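Student: Here's the feature list from TrEMBL:
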type	residues	note
DOMAIN	37-237	domain 'Amino acid transporter transmembrane'
TRANSMEM	41-64	transmembrane segment
TRANSMEM	76-99	transmembrane segment
TRANSMEM	119-143	transmembrane segment
TRANSMEM	163-180	transmembrane segment
TRANSMEM	186-208	transmembrane segment
TRANSMEM	220-242	transmembrane segment
Amino acid sequence: MLGTLSVIYLLCFNASRLFECGVNMDFSNKLSPHYVHGASWNFPALTGMLTMSYFIHNAILTMLRNQRNPENNIRDLSIAFGLVAFSYTFVAATFYMAFPLDRKCIGDNLLNNFRADYPMSAVARVVIFFQLLTILPLILYFIRSQLSCAFYGKSWPGLPRVLGLNGIIVCAGVLTAIFFPEIGSIIRYFGAFSGMMYTYALPCLVYMRQEYLAGQLTSFKIAAHSVIIAFGVVNLVAQFLIH
């Protein structure tokens, strides 16, 4: 519930900024601080971040395992991905259009683009804190469940192991925030790497393996799924070529 309310607040927050500042975009005057480039060779940063943003493939089965009506899984997942896509697009578009300075001044952390004493920004920080507070236990459960099933054959390996794993994950997050607080780089690098395996490669390889065993693997299927895998590899390599 808190996570949903925080997302609604962020949507309203960005919408209010757009109404307050108006649209500050110029597509013709290159000397204008509001000039917007039509395209950039740094676009792989977006594909890397989007891969992480929509990355939930390794947790879907864990989430849907206790679904009351499993026949609605496809519908529910479609609605969930649609709402996530809308929230990402709305926040990004409204903030980018309303930003009153040069686009090079935009930070990778949305709230760092506002003064700490700005009231709505201060509230947004508190709201995001509660959102992360609700998401962290869910992420810890995903990681613990998958690792425990892989190593111990059960989702609950015992309280000492669970506390130890949770402590390691929390410490890793805190140390990263202290020594490398570049959230944009973290998301795109890890997103491209994990996405290459879980989003692009493994689903295609498993599908082609099943089709091969069923005697239904065709040249077209091999070519189509090889292109998807190649895109994941290119997406990862491109992250190291961005200036």
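Keep in mind that glycine also has a Cβ here, set from the backbone N, Cα and C atoms.
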Student: Given the transmembrane segment (220-242), which of the listed stretches 41-64, 76-99, 119-143, 163-180, 186-208 has the most Cβ pairs that are under 8 Å apart from it?
Tutor: 186-208
Student: What same-chain residues lie close to the transmembrane segment (41-64): Cβ under 8 Å, and 6 or more beyond its ends?
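Tutor: Hits for the transmembrane segment (41-64): 70, 73, 77, 81, 84-85, 88, 141-142, 145-146, 184, 187-192, 194-195, 198-199, 203, 235-236, 238-239, 241-243.
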